[in-house]
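Feature annotations, courtesy of TrEMBL:
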type     : residues : note
DOMAIN   : 1-87     : domain 'P-type ATPase A'
DOMAIN   : 529-702  : domain 'Cation-transporting P-type ATPase C-terminal'
TRANSMEM : 108-126  : transmembrane segment
TRANSMEM : 138-162  : transmembrane segment
TRANSMEM : 505-526  : transmembrane segment
TRANSMEM : 609-628  : transmembrane segment
TRANSMEM : 649-667  : transmembrane segment
TRANSMEM : 679-698  : transmembrane segment
Amino acid sequence: MVFLSEGERIPADCIVLEPSNFSVDESILTGESEYVMKVSTTQSEKSTDYWKKDILYAGTLCVFGKCTAIVKFTGINTEYGKIGKAISEAKDEPTPLQKKVSILVKNIAIAGVILCISVMVASYFYSFNILNSILSGISLAMAIIPEEFPVVLTVFLSMGAYRLAKNNTLMRKISAVETLGSATVLCVDKTGTITQNKMKVKSIYSDGRIFNNEDLKNQELSDLMVLSCEKDPYDPMEKAILEAANLSQLETLYKYDLSKKIAFDSKTKRMANIYIKDNKYYVAVKGSAETVLGLCNLDKETMDEINIEIDKMASNGLRVLALADCTSEKVYEDLECYELTFKALVGLQDPPKEGVEEAIKLCKKAGIRVVMITGDYSKTAMAIGEEIGLKFTDKVIVGNEIDSLSENELCEVVKSCDVFSRVIPEQKMKIVKALKKNGEIVAMTGDGVNDAPALKSADIGIAMGQRGTEVAKEAAHMILMDDNFTTIVKSVKDGRRVYDNIRKAMVYILIIHIPIAAMAMFAPLFNLPPLLLPMHIMLLELIIDPTCSIVFEGEPAEANIMENPPRPPQEPLLTRNLTIKVVLQGVVMFLAAFMPFHYMIDLGISSEYARSFSLITFIVANVTLVLVNRSNTELLYHLIKEKGSKVRLIVNSMALIMVFAIVYIPILNGFFRTEKIGIYPLIFAIVLGFISTGWWEIVKIIRKIIRKGNY
């Protein structure tokens with residue numbers, strides 16, 4: 001047996017025995033901010049709702065009143081405990097990018113081993129020198145394996161997380177940075193994420209007309225609204241009513257003495273405050289429309305008119321309260337003894353946050369579907385969904401319907417429903433899993449303990465930083481510091497930019513490995529001296545390539561990044577078009593560096609001189625490649641006009657300085673097996689290097705002509 005009073009946490013799941021005006025904040029479990037008035041198990045009405053009014057749940061907070069209850073479940077058997085168990089059973093899965101990189105590296109490694117063995121065998125049959133054959137194979141292995149990938153992933157994701165942090169998004173798992181950009185479905189909680197988590201009076205019906213709180217001019221009605229509430233209310237609806245009365249700029253400062261209070265009762269669903277006013281008693285009544293109207297003497301025509309307005313408000317998702325008052329010579333215990341006069345209907349709503357509707361439009365434009373999952377009632381959820389512009393709001397799936405569906409049926413249902421109401425934690429997780437089974441990349445927001453299992457099951461879980469529980473934050477991949485839906489959309493854009501830049505860097509790495517590997521492979525096959533010696537390959541692999549690839553991290557987002565749909569989850573990191581680009585650019589770079597080397601050797605020019613020419617050609621081509629591949633659409637001419645990154649300028653300059661130092665500083669000539677070349681061969685090498693990768697600008701121009709019809 002437990003005895004509870006306001007301010008205490010409920011220690012276990014309990015059955016209510018004797019409540020005394022006892023209300024509980026269950027938002028930690030249900031996600032809904034409205035307090036729940038508890039009733040005894042003998043007074044409880046039969047309901048299909050999962051959360052019962054005659055049950056107290058472990059972890060929830062007693063807001064006001066007192067209660068005697070008997071313990072039903074403890075520990076892992078409580079609803080709170082079940083959520084903890086669901087979290088522990090949810091497994092972390094590798095992100096889409098991790099899967100794609102793993103497949104790509106595995107394929108490259110297999111190709112590398114095959115080529116390495118082939119070169120060793122071919123080299124041996126050409127030279128019958130086992131040592132040179134082994135060195136050729138090792139050089140090729142060093143050249144072909146893209147060891148820069150871990151550097152790129154670590155740096156890009158870390159910097160992406162840093163940039164997101166400046167945008168009020170804290171990443172708990174760095175790998176989730178790019179996953180956010182690939183999200184195809186965004187599942188959001190209604191209360192506090194879409195809406196303000198603050199009730200407001202949206203509509204008032206009085207004297208046969210409808211108006212909002214800003215048009216409230218009736219002093220008598222304003223007084224009634226204030227006097228029907230507590231002075232310092234807990235209830236969010238009472239707070240909203242007081243705020244609405246104050247917005248009318250009519251002064252009601254509790255100038256009457258309170259004689260008696262008839263507390264809210266869950267059975268009658270009404271309350272009253274009785275004041276002494278002008279030597280009489282003034283009775284201010286507030287409650288559910290049906291119970292308050294039942295106390296008023298109304299003719300059928302008036303009652304029908306009021307009921308029509310109640311239905312209109314309810315269909316718009318408003319919580320409807322009725323107000324009535326009267327004056328009396330005496331104080332009665334029962335409100336039915338008073339001759340009450342109906343004064344008004346008050347429609348309340350937790351309205352959408354500013355900017356949410358525009359953010360959802362941007363999501364639609366970006367091909368991201370927004371799904372609202374809430375514990376609130378269906379009509380309220382549907383009204384909010386329509387107001388913010390969700391796509392499939394013609395039907396709402398209720399939580400208990402989800403349990404009646406098979407796994408395959410649920411997978412079909414989630415394809416065409418954007419609003420789910422009266423949903424419990426297990427059902428949220430089912431929705432997320434069904435969407436994932438359909439091939440969607442799912443981002444899920446949440447703040448309560450009840451959201452934690454779904455947050456962990458989603459591809460990316462987003463917890464609220466301001467009102468989120470520690471359990472939700474621990475289960476999430478990222479934390480939204482300002483609890484703002486619009487911040488999520490901005491973060492999606494950042495995530496897309498990170499992925500695009502990672503892809504640009506990896507494409508660059510693959511392109512640059514083709515000529516390096518080809519030069520290491522073809523020189524022995526043509527019985528030529530090695531163009532790239534191990535020290536050259538080490539220099540390129542360990543200094544130039546990683547540094548140049550990191551330059552791509554600072555590239556801004558493409559202009560149309562939020563106008564394109566999310567990349568398909570099954571799309572490989574290297575698409576067919578990108579593969580063609582990699583092969584073409586890589587092969588042309590190889591030919592530009594290797595053919596002059598081959599030609600000079602055939603002419604009897606020293607290998608050191610030929611190597612110097614080819615190294616300068618290759619490094620200039622490398623620098624041009626970095627500049628050309630900065631953008632998939634913008635031309636180099638436009639990119640150069642823009643204010644450039646200091647990092648890019650430094651990196652490109654250092655690469656050029658390094659190759660010139662290798663060629664023109666005598667002390668380095670011996671170590672790197674190079675030789676000084678004249679001014680005309682130098683100019684020719686620079687021009688050849690620029691052309692060997694700069695020609696891709698022509699491809700960009702052709703693409704623009706094809707897409708737009710003009711340039």
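Including glycine, each Cβ sits where the backbone N, Cα and C put it.
Sequence-remote contacts of a segment are chain residues at least 6 beyond its ends whose Cβ falls under 8 Å from one of its Cβ atoms, and for the transmembrane segment (108-126) they are 132-134, 136-138, 140-141, 144-146, 517, 520-521, 524-525, 527. For the transmembrane segment (138-162), same-chain residues at least 6 beyond its ends with a Cβ under 8 Å from one of its own Cβ atoms are 97, 101, 105, 108-109, 111-112, 115-116, 119, 171, 174-175, 177-178, 494-495, 497-498, 501-502, 505-506, 509-510, 513, 516-517, 519-521, 530, 532-534, 537-538, 541, 545-546, 549-550, 552-553. Helix, strand and coil counts from DSSP across the domain 'P-type ATPase A' (1-87) read 16 helix, 35 strand, 36 coil.
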